[in-house]
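Asks: The structure that follows is given in the form of structure tokens.
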């Protein structure tokens, strides 16, 4: 009887899955067009899955082994099942292989079941709780029906009741694993995820690459809606990416806004986009909600607004404005979903079309438009902090080795101390450098993260035009945000530069023997990785090398390196200032306290401001440039060069 | 301006908008007071709001004028006027033709003559009442508007004014909403023909950069914290001065004339 039933069941499930796939593809194709090399992407997909995705999954060893066993067992079992039971090719080794595959899958599903016994809060429940049972139903029933096929059991073993019961279990397994893959349910992640990897919007991320710069918005078409208003305004491969989410909640676990009790949960946001893409309410969502926002009050449609001007739609505006763009969620996502891109896309609509940037947002943007700096300061006062330093100007020199990009920290009295230290270090190493002076403008970082792409592009184009007037080898800056924007985001607008963060540059100067330090005599030190230096640009080592050169042994925080916790200062978050239950910088200083460090070394004006703003912190905040400047001693035997250029003393007291 | 398109029952409001100038960089922008006027109009329930500008249209002024469109308007009427033209006749004719019930203007322009006289001249010419320093329009019923006027030190005065009327706003009015780039870019600038009358007076005047006027010093002789607080909260003012009430306009003018003579403004 099974001989007749099995092919029918298998091919019926496959046919239904194909229909479901068509429906799912239709949902994704509601999105805007995107240029994606389809065949190349499909060809690259297995490698992206087996290498790049597995790299991220493997950060959790148990889970990654579980997934290898379950997913690998399932794929093999499914293919072999079609051959063995669908087409009746049970002879030879195929049947035995199928037994092995389904057994492997069963072992994997035991681990899945163990994990679901006491799931951590970041995991979604709901349909996901039945997944281990479904996995077992499939693997066990396939194993059982294969036993007679390889001759381990007689063909007519058991009664027709047993056969019917087995078929029922198999129907459950097929329903979840094959039908559910395209019609919705936990296994949807396998189908959507595979295609998402193939048609990813940032293919540069695969093969060890890095792609973190926001993509430019086309401002030429004056009739087009700017940014994303409705779910259908995302590009189709973004929608596909949302659909790939496995709701593992790794993003939720690392999100600083979520931890601070601000109304953002990256996982919920992605699920809301899935809800919007298909149309409906978020009531079926079974994970942690946005803090302070109960599930079930929001709904959306593919062509309806995501954020309502008044009242509720799919997502509330403050959810989008809570994000610090720290990129921890993107870094952590095993499906390589691009949360930050989606958030900025939606912010673009709110700012450019609604004119609804919250709190100080509008004022900061107006300042950027009128004065080229977010504080609304006189552009002619940009160099006042360096009135006594006689800094060489690009306009005078025209050509230097290093262009020192000051950033808007030039107006901030705290950051001016960092800048003065950096100048002292550069002079001690006899670096040929100059500044743009009053010709410099804001890099556009804040404008862009607040969604004001128009102001960003205006600032960027004018900065690029200014930089094009002069000749320099590279740009050095102590602001990771400027570093990121100049290095990764100006390229799309025609500005290509080699940009160094000052920690990288100081590390190189030290390596080259152009700097010497007196040994560190202070207490214990920890280092805070700025998001825009670390996760955005992969620079984790240079600052630590500098600290090591200073004789400092870094007492690392539990969350450091690529898992560093944001200071709360990115993405315009201090400007939009969405209230939460805690402050993000307070949590970061608690991380510092756990190390027992008396001093936090930082490399970012934003981080300095945010962490220094914590009351009763107990640890001092110093920029790496300040630590280096304080430790400078004359390079032994390196006097020859200085005598050649007596006009400029090697080191002078500027701080 | 299409007078016959006004809906019956909807309050027709025209906001006069000018090209502003940022105090630090001198870049063109929405004039702050005018933008507050637009915000005031936007907040009116059931009003049909038109924006009206008289002046030149060039790259600099267009960006600034589009700033007003970004507050949520599809169009702005522009009466094209060359440099050195007196915009009063053009504005007056346009307003007479359109017949709005309420005209809102900023107190003073951020560039050009900036005398702050335009609303008064306009009110004189149209024969409409004028209320300055408006904080809010509380309501309009049967052709009478209830207005809240801002007075120094946070005081407010409620006035009833028969429409049509001109009201002017300064910083006491609500802060303007953000100007959104998309609507600003898509909005239309409807250029309309208007009479051009050269400003003969202006042509005869000689202009020179203004000098900073000396400020009266505030001498604080406070003995207690309370005195210091009062002194800090007080505005610098001359000790003299008198309040004239129930006098004829002639007597008022006489008093002002006398003061100007005393202060050496008029010689």
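Note that the numbers count up from 1, one per residue, in the order the chain is shown.
Keep in mind that glycine also has a Cβ here, set from the backbone N, Cα and C atoms.
Since this is a predicted model, take the numbers as computed values, not measurements.
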Asks: If you look at how TrEMBL annotates this chain, which of A:134-153, A:194-213, A:214-233 comes out as transmembrane segment?
Replies: A:134-153
Asks: Would you please say which range out of A:159-179, A:243-263 has the annotation transmembrane segment in TrEMBL?
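Replies: Residues A:159-179 are the ones TrEMBL records as transmembrane segment.
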Asks: When TrEMBL marks a stretch as transmembrane segment, which of A:30-50, A:93-113 is it?
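Replies: Residues A:93-113 are the ones TrEMBL records as transmembrane segment.
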Asks: Using DSSP, what's the helix, strand and coil tally for the domain '4Fe-4S ferredoxin-type' (A:311-342)?
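Replies: Summed by class, the stretch gives 14 helix, 0 strand, 18 coil.
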Asks: For the domain '4Fe-4S ferredoxin-type' (A:236-266), give the DSSP counts of helix residues, strand residues and coil residues.
Replies: 18 helix, 0 strand, 13 coil
Asks: Using a Cβ cut-off of under 8 Å, list the residues of the same chain at least 6 residues beyond the transmembrane segment (A:68-87) that approach it.
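Replies: Distant contacts of the transmembrane segment (A:68-87): 6-7, 10-11, 14, 54, 94-95, 97-98, 101-109, 111-112, 135, 138-139, 142, 145-146, 149, 177-178, 190.
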